[in-house]
Amino acid sequence: MHGLLLAAGLLSLPLHVLAHPQPSTSTSLAGRAGAVDLNEFRVAHRSSYTSHDEMKKLPSIASFRQGTYLEVATELVKQTMPNMEFRLVDDHYVGDSGIGHVRFRQTMHGIDIDNSDFNVNVGKNGKVLSHGNSFYTGPAPASNPMVKRDFIDPMQALNGVRKALNLPVKADGAHVENMSEHKVMFKGTSGALSDPTAKLCYMAKEDGSLALTWRVETDIGDNWLLSYMDAKESSKVHNVVDYVAHATFQVYKWGLADPTEGKRDILTNPWNLKTSPLTWLADGKTNFTATRGNNAIAQYNPDGGNDYENNYRPSPKNLKFEYPYSPDMNPPKTYIDASVTQLFYTSNVCHDLYYMLGFNEKAGNFQVNNRGQGGKGNDYVILNAQDGSGTNNANFATPPDGQPGRMRAYIWTRANPPRDASFEAGTIIHEYTHGLSNRLCGGPANSRCLNALESGGMGEGWGDFYATAVRLKPNDTRKTNYVKGGWVNNSPKGVRMYPYSTDMNVNPLVYTSNNKLNEVHAIGTVWCTMLYEVLWNLIDKHGKNDGPVPVFENGVPNDGKYLAMKLVMDGMAIQPCNPNFVQARDAILDADMNLTKGANKCEIWKGFAKRGLGVGAKFDPKNRTGSNQVPNECK
C-alpha cells in the first residue's frame, strides 16, 4: 500500500460527451467550420413513468408469481406489454438502497429497437416500486429485413453520416469486419480516435413510425457520436446521440470551489479504503508512482490527442505529489505538475464520495479492477489536463460500462493570466457527474438516456447541483447564493443565467421557464434551481454535515445535505430513459419512499412546487404547465 503526502486545494467540481459551463445557444459538433447543430437530431421524449403512488392504484403485484427480482420484473413487462418481443439487458443489479434495477430492450424480428426500453424498480419487499416505459406500440414491419436484406450496406451508412454531419472521418480504402450478426467495424479509416462501428437497429420515430437504421458510432474527440442513419436512404439521419457532454498531494482540498476560497494543503493518503481499497495509485496488479490508479489516469495533453498512455504525468520520488502553483503563474505549462495532481485528486474524491452514495461497481462506476463486486471493469476515467483541443470549457465522455470515461479540462482565456479548469473544483465535479448520471439513467449498459432536450438539461443541472452541494460552507444558510464557473470565467456572474438561490428575486426561474429555453445548460439551470430548493428544505429539517463524507444511520444519511445527494442519485437510477422534469421529480419522491418510507415527502414536494413543479405540473415540450400545488397532506 502506498503511503502518500498530499498537498491539497479544495475542489468541488464535479461517454456521453457533455460540455461544461460555456454559455451557448446551441449544441454543435465542436471546433470545426461548417459544424452541424446537433439539436436538430435530438431524441424525442417518449418515456412514461409509473410512480409508486400510481402503482398503488393498479392491480397488485401480489398476483404475480413469487420469484427473484428479475422474475418479478420480467413478469411485469409481460403483463404490461403482452405479445411484445423484448430481451433482458445484462446490467441489472440491486443498489445499496435495496432496489433491484432491471432493464429490458424491445426487439422486432430479433433486431433491437434502440430507443425502446422498459425499466422496472423492485423494492426490498419484492414488489414493484415503479417502472418506466418507452416501448414502441405501432405497427410492426411486415417482414424480417434480414431475409431480403433490402437495406444499404454499412459502408454507405458511414459515408452518409460523414457527409450529413460534416465529420472529419475518411473512409477511402477502408473495409468492413463483422463483429456479430448485426454489427460491423470499419478498419482503415482516419480522423476518428478509434475504429468506427455500425449496428443494424430500429428507431422509434416521433411520428409513431419505426425506421430501420444503421447506428454508426464515431469517436472524434470532442464528440463521440451514435448517428442513426436510415438503412434505406443514406442521406437521412434520424437521430444523433453524443456521449460527450462538453501519496501526498498538494491540492485545494475537497470543498474549496476555486483558488479564491482557500489555500492549498498537503494531504497524506487522502483516499478512503472502504471505497478505494487499492488506494488511488494501484489497480490490484501494479503499484504506480505517477497519477494513475484503479479509478483514474491523469496526464498533460497539450496537443488534444488520444494517445494518453504515453503522455507526460508527474511521477515524483517518494510519492510526494507536491508542486508549486499560484493563479499568477504563466504560462500554464509551467505548473502542469500541479494541474495534473489537482485534477487527479478531485476526480478520485468524486469517485469515493459517489461510491458511498451508491455509484458502485454494480451501478456502473469507473474502475479498472472491480474486485469481483459486479459490473464491468477496465473503465477508469482518462483525465486530460490543459487539453489542447479547446479553450474556455471542459467536457466528459461517457460510453457504456466497461469502456473508459474521458474528461478534458481546458485552459480558460477570459483572465490574464489564463486560468486552468483543473483548479476549479466545481467544473471537475460537474463533468464527473455527467459520468454518474449517464451510467445510472438507463443503466450501465446504456449511455443514451439523457439525449432528449429536457433530459440533457437535467444532466447539466445534476452536475451543477453536486458541485454546489459539495461547496456549501459551515455558515451557509438558505439565504446563501452561489454562482457557477465564476473563477474560470473571470466573471462574478459565472456562466449561468442566474445564481443558485432560494430567493425568487435573485433567481426567478420556474418550470415554465423551459418553454422559452432550447439549450441544455439553460434548462439545467432551472433543474438545479429546483434541487437547490429541495436541498435547503432537507437541511432545515435534518441539519447539515459539513464533513467530507456522509454519516449513515440504517443506510440513510443523517443530515439534509448528503440525504439530498443520495435521494437525487437514487432517483437517477429509478427514472425512465430520457425522462422529463415531472418524471425525474416523481423518481426522487419514490427514492425517498424506498429509503425513508416517505419521511421527506412534503419537504421534497414543497421545494419543487415553489418552482412550479407541483402536483398539477404537466410536461409538453412546447407548452409546459406549471403548478405550485402540493399534496393535501403537505399543506
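Cβ from N, Cα, C; glycine included.
Annotation comment: Swiss-Prot describes 1-19 as signal peptide, evidence class sequence analysis.
According to DSSP, N287 (N-linked glycosylation site) is assigned to a strand segment. The feature N-linked glycosylation site is assigned by Swiss-Prot to N287 (among others).
The annotation Zn(2+) binding site is assigned in Swiss-Prot to H430, H434. Following the DSSP three-state reduction, the secondary structure of H430 (Zn(2+) binding site) is helix.
What Swiss-Prot lists as active site is E431.
Long-range Cβ proximity for N475 (N-linked glycosylation site), meaning a same-chain Cβ under 8 A and a gap of 6 or more residues, is found for none. According to Swiss-Prot, the feature N-linked glycosylation site maps to N475 (among others), an assignment based on sequence analysis.
Taken residue by residue with DSSP, N594 (N-linked glycosylation site) is part of a helix. Residues or ranges marked as N-linked glycosylation site in Swiss-Prot: N594 (among others).
Marked as N-linked glycosylation site by Swiss-Prot: N623 (among others). Listed in sequence order, the residues of the same chain lying 6 or more apart from N623 (N-linked glycosylation site) and placing their CB within less than 8 Å of its CB are N515.
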Students should find that the Cα atoms of H434 (Zn(2+) binding site) and N594 (N-linked glycosylation site) sit apart, in Å rounded to an integer, by 25
Going by DSSP, is N623 (N-linked glycosylation site) part of a helix, a strand, or coil? coil
Between the Cα atoms of N287 (N-linked glycosylation site) and E431 (active site), find the distance and write it as a whole number of Å. 27
Sparsest-packed of the listed glycosylation sites (N287, N594) - C-beta count within 10 angstroms: N287
